[in-house]
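Asks: Quick one: this structure, given as C-alpha cells, is what I'll be asking you about.
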Amino acid sequence: MSTRSARVLPGFSLSLGVTLLFVSLILLLPMTSLIGQLSTLSWSQYWAAITDPRLIASYKVTLLAALAASLFNALFGLLMAWVLARYTFPGKRILDALMDLPFALPTAVAGITLATLYSRNGAVGSLLDPLGIEVAYTWLGIALAMAFTSVPFVVRTVQPVLEDLPAQADEAALTLGASNLYAFRRVILPHIWPAVVTGTGLSFARSLGEFGAVIFIAGNMPYRTEVVSLMMATRLEEYDYAGAAAIASLVMLVSLLLLLAINLWQGRFYRRLHGGRH
Amino acid sequence: MSISVTGVSRRFGNTTALHPLSLEIAKGEMVGLLGPSGSGKTTLLRIIAGLETPNSGSIHFGDRDVTHVHVRKRRVGFVFQHYALFRHMSVFENVAFGLRARPSSERLSNAEIHDRVHHLLERVRLEALAKRLPAQLSGGQQQRVALARALAVEPEVLLLDEPFGALDAKVRLELRRWLRHLHEEFNFTSVFVTHDQEEALELSDRVVVMSNGRIEQIDTPQTLYRAPANRFVFSFLGETNRFAGEYREGRLHRDQAWIQLDKAGAPTSEVLLRPHELILTTAPDARAHLPVTVDAVSPVGSDVRIELTADWMDTPWLASITHHDFDRLRPERGGAFFVIPARWHQFAPENA
C-alpha cells in the first residue's frame, strides 16, 4: 500500500511549489535586499537617517493626510457600499464597476488629473479659490489623492459583508419599534464594523505609501508638502540606498504592525460572533 | 385586536402578487394562511405587518386604520422564517431589543427590562441560555428566542412567516403545541403563513387557503377538509387520486374501466378520490370496475399505504387501507385487485 495519495485534490506539490517560488521572487528577495542595505548602517547612522528634521516633517504630513483620507474613505466607502448592497437602481452595475477605477487607473494619471482639476485655475480649484480653500499643493490635496486611490479598499471589504446581512435583520429591528438610527447603530453597524475597520486600515496603509498620485498634487515643498514615499525617492536619486532603505523599513514596519493589529482584532471579533467554535 | 383587510392588492412590476382581497380576523383568533409558494400568502402577511405597502385597499387593527402607519408604530410581533436574530447579541439582548429601542420617555428601567426578559425566557424555557449567542443554539431554540423577542414588546398581533419551516419534524411538532399554549396564555391575535397543510389544519382556528394571489376558501379546518370549495382546495389539502374519462349514462368510462356515478348528478369528465376512500377487493361490483396492479406496499403507521397502477390511470393512485384489510387481502407487489370507491368528489371545471 502506498503511503502517498492521501490527498484527493490533485496538484498540491506543483501548485505549492510554484506559489513558494513566486513568493520568494517577488516578496522575500526584495525584502532580503532591503535588510541587506540596512546592514551597511550602524544603529546611530540608522537613527540619524530616520530622524532627519525634513523627514520628520514629512512623517507628519503623511500621517495627517493618510488619516484624513482613510477617515473620509470610511464614511464615503461605507455609504457607497450601502448604496450598492441595499438598493437596485438603473446604472447600478456601472457604478459598481466604477468603484474599481482607482485601482485600474495608473496612479500618475490620477495625480495629474487631480492636480489639473484642483489647481488655482483648474475647473474645481477656480471655484474653491474665492472661498479661500486651496487644495492643490497643500496637505488637503495630498489627502485627496490618497483618498482617491484607496477608496476601493473600504467599498470592497464592506459591500460583501452588507450583502451577507439579511434585510430581515433590519426589518426585525423595525417591527420591534426601533428608529432607523437605532436599528443602524445596534443592528447593522456592529455587523459591518470589523469590515469597516479592516477597509479603513487597508486604506490607511496604502495611503502611507502612496507615491504616484500624490507627488503631482503635493507640490513637494520641503517641510510642508513632502510625503515619506517622496523622501525615499529623493534618497534614491541621491544614490543614498541605505538611507532609502532605512525609511522604507520604518514604513514597512508601521504597515505590518497595522495589518497585524487589524487581523488579531478581527479574528477575536469573529470568534465571538460564531460562538467561539470556529 | 381584530384585523380587517379590505380590498388589498399588490403588484410587483408586471406580476400581480395579490388580487384585491378582503379578510376579517377576530380578536384572539389564530389564522393560518395556507398555499403553495407564489400564492401571495407571505406578501399578505407582510402587508398586514407594514413591511410591504399595498397598491390598494386598507388594513384596520380594531377601529384603527393602520394602512399608512409605519411598521414600527403598528405594534405587531413578527417572527421571520429564518429567525433573523441579531447575531452579535446574546439571547438576553435579543429579547430585550424591543424594550431598549423605545424612546427614553417610554423606556422601562433596567431592572424592569431584566425582569420582563427573564420572565419571557422562562416561558420559552431558555433561561439557562440567556448569555449565549444565537450561533450557539439549535434551530428550535433560535426560533423560541425569535418568538420571545417578538412577544417582549407585548404585541396584540403576532405574525409568523413559515415559523417552523426550517426545523426537523419532531421539533416542529413540539413547537406547534407550544405555540398553541402560548397563544392561549397571552391571548394575542395571530396570523401565520405555511405551505404545510397539516400544520395549518392542526394549529388554526380558521384556515385561509390561497393560490395565485387569491383567497380560495376561508373556513375551519374541519369544514375545509370535509367540504372543500373547489378542486384546488381539495387537491391541496391532501393526497388525491384522479379518474378522468367520458361520461355516458351515469357512468364515467376510461377504456374498460368505469365508475358508476349518481344518476341525478351533473355530468362530469373527472372525479377525485382520497386514498382512504378506496376499497381494495378481489372482484368488481355494480359500483365500479377498476382493475389495478399493486406497485408498492408500505405497512408503516396507522394505515397501510399501497401504490396502484393501471393502464387507465394518468398517474399512479395511492390507497390507504386498514391493517385488518391488509391482513385479509395480503396484497403484494404485482398482485391484481379491483378498487371500489366508497366516496368520490366532483368539482366544476376550473377556469384556468
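Glycine too: its Cβ is placed from the backbone N, Cα and C atoms.
Got these off TrEMBL a minute ago, pasting:
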- A:12-35: transmembrane segment (TRANSMEM)
- A:59-262: domain 'ABC transmembrane type-1' (DOMAIN)
- A:63-85: transmembrane segment (TRANSMEM)
- A:97-117: transmembrane segment (TRANSMEM)
- A:137-155: transmembrane segment (TRANSMEM)
- A:192-221: transmembrane segment (TRANSMEM)
- A:241-265: transmembrane segment (TRANSMEM)
Asks: Cβ under 8 Å, sequence separation of at least 6 from the ends of the transmembrane segment (A:97-117): give me the contacting residues as numbers and ranges.
Replies: 80, 84, 123-125, 136, 141, 144-145, 148-152, 155-156, 210-217
Asks: Have the transmembrane segment (A:63-85) and the transmembrane segment (A:12-35) got at least three CB pairs under 8 Å, pairs 6 or more apart in sequence?
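Replies: Contact criterion not met.
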Asks: Using a Cβ-Cβ cut-off of under 8 Å, list the residues of the same chain that are 6+ residues beyond the ends of the transmembrane segment (A:192-221) and lie near it.
Replies: 62-63, 65-67, 69-71, 73-74, 77-78, 106-108, 110-112, 114-115, 118, 135-138, 141-142, 144-151, 153-158, 160-162, 165, 227-230, 233, 251, 254-255, 258-259, 261-262, 265-266, 269-270
